[in-house]
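Trainee: The structure under discussion is supplied below as structure tokens; questions concerning it will follow.
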Amino acid sequence: MSNYLSETDAGQRIMRRCNELGSISVPGAGVTRLYLSQQHRSAAETIAGWMRDAGMDARIDEAGNVVGRYHSVSGGGPYLVTGSHMDSVVHAGRYDGPLGVLTSLDCVAVLHGRGRRLPFGVEVVAFADEEGTRFRTTLAGSRAITGQFGDDLLDATDADGHSVREAMVAFGLDPGAVGNAAHRPDEVIGYVELHIEQGPVLQAANLPVGVVTAISGQTRAVMRLNGAANHAGTVPMGMRKDPLLAASEIALAVERIASAYPDTVGTVGFIKAEPGLINVIPGEVSLTVDLRSQVDGIRHAAFDELGIAAGNIAARRGVEINIDTILDLHSCPCAPDFVDRIATAVEAAGVRPLRLPSGAGHDGMAMSTMTGIGMIFVRCKDGISHSPEESVTAEDVATGAATLLHFIENFQGRP
Ligand code: HGY
Ligand code: MN
Ligand code: MN
């Protein structure tokens, strides 16, 4: 048994490991650890070692997830699954994902340290690809665990044109075996994830942790606009077919439409003009749209309105437009009994249980296709995330860990 538990403060223990894991990154600001990269491999092996120290059988599965199992008192499962993702966006913080993985791992280390086994097993998963940063393959790790890792994911390509299939082989995985990562439904009795809030609500309420009620649905699309590349100095303004100006109007339409619908947010996170030269009117522009709302019908209505607006803008400017929806995830309610159990655990930690939705997506959206899900939020400073400025306090992390451990130790079979 490692001397991990000799640090008696759970918050300090967990944050120290978040920092250690955070150092496994592409050089640069913050953390950049992408699916099937060298950094993924190194982090996966580190996490698997920590899992074994905590008395778990640990392996890197056929999709690159790290799966650790702390067997039940009778040996084997079924398993309450917990954890979060180990991948990141570019220039991320140290806690989005890893805090959930390492807090879950800490709970098992505490059980193991006490020599305690439960009537069910506890499975900790470090999902390999929740963000989809490299291949635009959101929730790929949890889709593998739930048997939804289809060819659409294997054929996805990164900015260099490498497919997931090719990257898996380079990583040492067999793309043909990815289906073996899927869990059988009878193996899983629930999924609970601890995650930073990535928003301002808990800080405003002066609360260290919160109870998640639902995960907002999200639609992601890539819009490609084709105009007429031409000389910047010779084409009169009235004769241009400039896709970048059309894209600029569409970005403002995203803002206008998302603002007009309740509890809805819209973001253009990426825009690229080709050939991208100072003295050339762009010929082709691509931009991404990320639209989210707590209610699926509202999100779809907003997206439909945006599609019409974008088509009108393109037609008026004489450019062609293609809209490719690459993701449409329905809103995902947490299981009511999980919400209640987590609220009880938060109260046991001496905190008023505030219920709140998640605007951010999580692996629970995939896990909910297989089992009931619950989420615990931990306050993060000023709600900042997807940034090197992401930060939490050891005290709040300790409260989150106590909440998760209470949930796990008091979890009985589903009603
Ligand atoms: O984008 C999200 O909601 C999450 O961080 N993947
Ligand atoms: Mn994220
Ligand atoms: Mn996350």
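Here the Cβ of each residue, glycine as well, is placed from N, Cα and C on the backbone.
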Trainee: Pick the one from ARG240, ARG292 that TrEMBL also lists for the allantoate site with ARG220, ASN279.
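Mentor: Between ARG240, ARG292, TrEMBL records just one in the allantoate site with ARG220, ASN279, namely ARG292.
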Trainee: HIS362, HIS386: which one does TrEMBL list with ASP96, GLU131 for the Zn(2+) 2 site?
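Mentor: Within the candidate list, TrEMBL flags HIS386.
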Trainee: From HIS195, HIS231, HIS300, grab the residue that TrEMBL records in the same Zn(2+) 1 site as HIS85, ASP96.
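Mentor: For Zn(2+) 1, TrEMBL names HIS85, ASP96; of HIS195, HIS231, HIS300, the listed one is HIS195.
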Trainee: If you count Cβ atoms within 10 Å of each one, which of the binding-site residues HIS85, HIS386 comes out on top?
Mentor: HIS85
Trainee: Is any of HIS85, HIS195, ARG220, ASN279, ARG292 (binding-site residues) within Cβ reach of ligand 1, i.e. under 6 A, and which?
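Mentor: Cβ under 6 Å from ligand 1: none.
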Trainee: In Å, rounded, how far does the Cα of ARG292 (allantoate binding site) sit from the Cα of ASP96 (Zn(2+) 1 binding site)?
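Mentor: Answer for this pair: 19 Å between alpha carbons.
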Trainee: Within 10 Å of HIS386 (Zn(2+) 2 binding site) by C-alpha distance: pick out those among the binding-site residues HIS85, HIS195, ARG220, ASN279, and say none if nothing qualifies.
Mentor: none
Trainee: Among the binding-site residues ARG220, ARG292, whose Cβ has the fewest other Cβ atoms within 10 Å?
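Mentor: Per-residue Cβ counts within 10 Å for the binding-site residues ARG220, ARG292 bottom out at ARG220.
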Trainee: Around the Zn(2+) 1 site formed by HIS85, ASP96, HIS195, list the extra residues of the same chain whose Cβ is within 8 Å of the site's Cβ centroid.
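Mentor: In sequence order, the nearby non-listed residues are SER84, TYR95, GLY97, PRO98, LEU99, GLY100, GLU130, GLU193, ILE196, ALA360, HIS362.
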